[in-house]
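Written below as structure tokens is the structure these notes are about.
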Amino acid sequence: MSSPSPHIAPFDYVVFGGTGDLAMRKLLPALFHRELDGQLPTDGRIIAVARGAMDEESYRAQVRDALDRHVGAALTDEAWATFARRLSYAAVDARSGEGWRALGATLDQHPERVRVFYLATAPDLFGPISQRLHDVGAITARSRVVLEKPLGHDLASARRINDEVGRVFTESQIFRIDHYLGKETVQNLLALRFANALFEPLWSSAWIDHVQITVAETVGVENRGGYYDGSGALRDMVQNHLLQLLCLVAMAPPATLDRDAVRDEKLKILRALAPIEGADVDLLTVRGQYRAGAIDGQPVPGYLSEPLVGTESATETFVALKTEIRDWRWAGVPFYLRSGKRLGAKVSEIVIAFKPIPHSIFPAAAGGVVPNRLVVRLQPDEHIRLHLMTKEPGPGGMRLREAALNLSFAETFKSRFPDAYERLLMDVVRGNPTLFMRRDEVEAAWSWAEPILDAWARDPRRPHPYTAGTWGPSAAIALIERDGRTWIDDHDRPGG
Ligand SMILES: NC(=O)C1=CN([C@@H]2O[C@H](COP(=O)(O)OP(=O)(O)OC[C@H]3O[C@@H](n4cnc5c(N)ncnc54)[C@H](OP(=O)(O)O)[C@@H]3O)[C@@H](O)[C@H]2O)C=CC1
Ligand SMILES: O=C1O[C@H](COP(=O)(O)O)[C@@H](O)[C@H](O)[C@H]1O
């Protein structure tokens, strides 16, 4: 085990949906890694909650199996023995009264501890679970509740859930998670922008031509077709993760790293986003749906053949759009966003494309001067690259070539990159909501996304088809090429 990280108070972590995919794939492995790092206090229990009847030993066996798959070699018998002692299981039905008294009694054993209620269930259970927790007297001053995304399906349902949860928890107790904010490289955006003097003077329409944000996945909808088919890429990825990335790129420098200083600045950006509505939806957005194709040389089925997906479904698995921020800093700078499943590579990248030089002193024979760009690779092969023009070495005149200053995180830091959930789960115990979304942010994001969703719902045309393993429909290329620009796929370049 490595050296302990900052102190974490004794806690009871109650995971509703503790047998589900998210708990097994992400939450329990994240807690286990914190165990390995010696960060969890001896007095820390993890209480999984779901409806199924199950004894503690069977639950532990399920978790062990999940850790085998998702943690790998780090799962030693010694570490597992320590972790397993923390685990218990409670059969509770969020909708009926079943199991609540027993859960309340378990929590009453340690009223002084920080209590985290992590709601890894469908969002329509957030209100009922909160109310039941209140009714059994489980909510103490040191309690917090974590709400998984999606927070609702639209603005009205998000407001309803926020109201329901807000009836029994104060806003400072509510942690709306967006796991992208816990990614190391996303937090690094804050360091890049606000711990370096270099970029801020250039960070505006005076020097930046446009911004691209790409979050591409090779996976399909896997076993989540039931959820995804009612959701689609705009709700699943853009309304939350991509807009949060856009906010971190575009926000003004907050005065401090304080919870509200950062969130206030993000909110200003969300509220300044140019609405996309009416005829603009057709002009500024593209939705796609994958057809059968190949990923890494292996054939994969089309979206309509995925389990739990309607055979006629018009749900989009790909979105590309162009938006703008209406403020002094960004007026006239397009932000191009795209995200999709079954694309050519798993890559999340932000490209800041700078303007061309105003005047070239170099002869045509030197070769063209390509505008600079700053590429922040969020995953995989995390890095920050600043692409610059340089002189090609050697005699025989001036020949210009593009080359990159490359800050590779793996090479620079040589340490394991913790998963986003590791940081966020500990921030909840610490009571630090800076990297979580405030109610007004979530609602502002829905207000912006809703007119697009409404227009698509009214549109009888189907999403553009694209072959799995490609980069989305050709209409997405046209969207940016109409402006005389092109998607910059840094990962396609040598060393990219
Ligand atoms: N999986 C993922 O990668 C991600 C998931 N999310 C979100 O997290 C949430 C959970 O997702 P996921 O784990 O995939 O879903 P699953 O369907 O795999 O798990 C749902 C969990 O909730 C429990 N549950 C369902 N109904 C009740 C009830 N009435 N009372 C108590 N427990 C109940 C289930 O157990 P049982 O049936 O035994 O009650 C199960 O443990 C969803 O909102 C999802 O959108 C967000 C980001 C990523
Ligand atoms: O929230 C979600 O994110 C994942 C992608 O997350 P990543 O950390 O692997 O980039 C996405 O697959 C899923 O559909 C969505 O709900």
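Backbone N, Cα and C atoms are what each Cβ position is placed from, and that goes for glycine too.
Nobody curates TrEMBL annotations by hand; they come from automatic prediction.
Annotation source TrEMBL lists active site, proton acceptor at His241. Look at TrEMBL and you will find Arg51, Lys149 tagged as NADP(+) binding site. Summarising the annotation, TrEMBL assigns substrate binding site to His179, Lys183, Glu217, Asp236, Lys341, Lys346. Residues or ranges marked as domain 'Glucose-6-phosphate dehydrogenase NAD-binding' by TrEMBL: 14-188. According to TrEMBL, the feature domain 'Glucose-6-phosphate dehydrogenase C-terminal' maps to 190-487.
Sequence features annotated in TrEMBL and their locations in the structure.
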residue: Arg51; record: NADP(+) binding site; Cβ neighbours (10 Å): 14
residue: Lys149; record: NADP(+) binding site; Cβ neighbours (10 Å): 19
residue: His179; record: substrate binding site; Cβ neighbours (10 Å): 20
residue: Lys183; record: substrate binding site; Cβ neighbours (10 Å): 24
residue: Glu217; record: substrate binding site; Cβ neighbours (10 Å): 17
residue: Asp236; record: substrate binding site; Cβ neighbours (10 Å): 22
residue: His241; record: active site, proton acceptor; Cβ neighbours (10 Å): 22
residue: Lys341; record: substrate binding site; Cβ neighbours (10 Å): 24
residue: Lys346; record: substrate binding site; Cβ neighbours (10 Å): 14
Spatial neighbours of Lys149 (NADP(+) binding site), counting only the binding-site residues His179, Glu217, Asp236, Lys341 and Cα distances within 10 Å: His179, Asp236
DSSP state at Glu217 (substrate binding site), helix/strand/coil: coil
Distance-selected binding-site residues near ligand 1 (C-beta under 6 Å), from Arg51, Lys149, Glu217: Arg51, Lys149
Length of the line joining the Cα atoms of Lys183 (substrate binding site) and the residue listed as 'active site, proton acceptor', in Å: 11
Separation of alpha carbons, His241 (active site, proton acceptor) and Lys341 (substrate binding site) (Å): 14
Inter-residue C-alpha distance, Arg51 (NADP(+) binding site) and His179 (substrate binding site) (nearest angstrom): 26
Of the binding-site residues listed as His179, Glu217, Lys346, the one whose CA lies nearest the CA of His241 (active site, proton acceptor): His179
Mapped DSSP class for the residue listed as 'active site, proton acceptor', helix or strand or coil: helix
Secondary structure of Asp236 (substrate binding site) (DSSP, helix/strand/coil): helix
